[in-house]
Amino acid sequence: MEDFVRQCFNPMIVELAEKAMKEYGEDLKIETNKFAAICTHLEVCFMYSDFHFINEQGESIVVELDDPNALLKHRFEIIEGRDRTMAWTVVNSICNTTGAEKPKFLPDLYDYKENRFIEIGVTRREVHIYYLEKANKIKSENTHIHIFSFTGEEMATKADYTLDEESRARIKTRLFTIRQEMANRGLWDSFVSPKEAKKQLKKNLKSQELCAGLPTKVSRRTSPALRILEPMWMDSNRTAALRASFLKCPKK
């Protein structure tokens with residue numbers, strides 16, 4: 001999976017994912033599914049923002065080629081991908097400037113046109129189930145939720161999809177391509193199935209002979225990106241329990 005991620009995603013996205021996992025004490029060579037999940041979520045966030053600007057009249061426009069003479073402002077502020085300190089600094093700055101209510105949880109984007117924070121979700125499950133889970137957690141009408149699936153489905157707050165159909169189609173196509181490429185390499189099942197992921201994690205630990213250097217305690221912290229993506233394959237409690245079950249060295 002690690003090789004696939006490095007081949008499939010932009011190096012900048014891979015680097016950001018590596019930093020996120022390192023910040024939370026996660027080993028990408030072992031937890032390769034998380035590595036892939038973070039990269040996927042980051043790419044969707046960046047694609048959401050790509051080419052969208054606000055012109056001098058305050059209108060939202062799509063510009064694919066930069067015009068140095070155009071006075072354009074990026075429509076979206078990207079919050080995801082920053083370390084927690086910087087991310088909250090950006091959020092506080094936005095709130096002070098726009099008067100927006102400060103969210104309880106770190107969002108992924110801020111939309112300067114609609115003046116709202118956006119939470120992006122990516123899931124392999126039914127989008128409405130994941131949407132309800134996200135809404136129940138956030139419990140704020142001021143944060144807009146937009147969920148995408150690997151099957152081309154999507155769901156958003158009040159059926160307001162924010163982006164034009166073509167922009168959303170690019171995201172859906174990319175997710176479908178990622179799914180197909182994983183399937184072609186025999187990686188899809190382990191990416192989305194807890195049972196298969198457990199087998200893969202055990203295989204990774206065994207093949208790398210990491211037992212001697214493994215920590216004795218399991219980190220319970222969850223990175224910001226994984227708050228969105230973790231349900232794609234397992235929840236945090238199962239992740240911690242799974243990791244703990246493999247941290248025991250075999251008796252000599």
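The count begins at 1 with the first shown residue.
Quick reminder: no glycine exception, Cβ is built from N, Cα and C everywhere.
Here's what Swiss-Prot has on this protein:
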{"type": "ACT_SITE", "residues": "E80", "note": "active site"}
{"type": "ACT_SITE", "residues": "D108", "note": "active site"}
{"type": "SITE", "residues": "L28", "note": "site 'Important for efficient shutoff activity'"}
{"type": "SITE", "residues": "L65", "note": "site 'Important for efficient shutoff activity'"}
{"type": "SITE", "residues": "K195", "note": "site 'Important for efficient shutoff activity and nuclear localization'"}
{"type": "SITE", "residues": "K198", "note": "site 'Important for efficient shutoff activity and nuclear localization'"}
{"type": "SITE", "residues": "K199", "note": "site 'Important for efficient shutoff activity and nuclear localization'"}
{"type": "SITE", "residues": "K202", "note": "site 'Important for efficient shutoff activity'"}
{"type": "SITE", "residues": "K203", "note": "site 'Important for efficient shutoff activity'"}
{"type": "SITE", "residues": "K206", "note": "site 'Important for efficient shutoff activity'"}
Message: Distance check, please: Cα of E80 (active site) against Cα of D108 (active site), rounded to an integer number of angstrom.
response: 5
Query: Which number gives the other C-beta atoms within 10 angstroms of the C-beta of L28 (site 'Important for efficient shutoff activity'), all protein chains shown included?
result: 20
- request: Measuring Cα to Cα, tell me the gap between D108 (active site) and L28 (site 'Important for efficient shutoff activity') in whole angstrom.
  value: 22
- line: Cβ atoms other than its own within 10 Å of the Cβ of E80 (active site), all chains, total 25
Task: Determine the Cβ neighbour count for D108 (active site): the number of other Cβ atoms within 10 Å of its Cβ.
output: 27
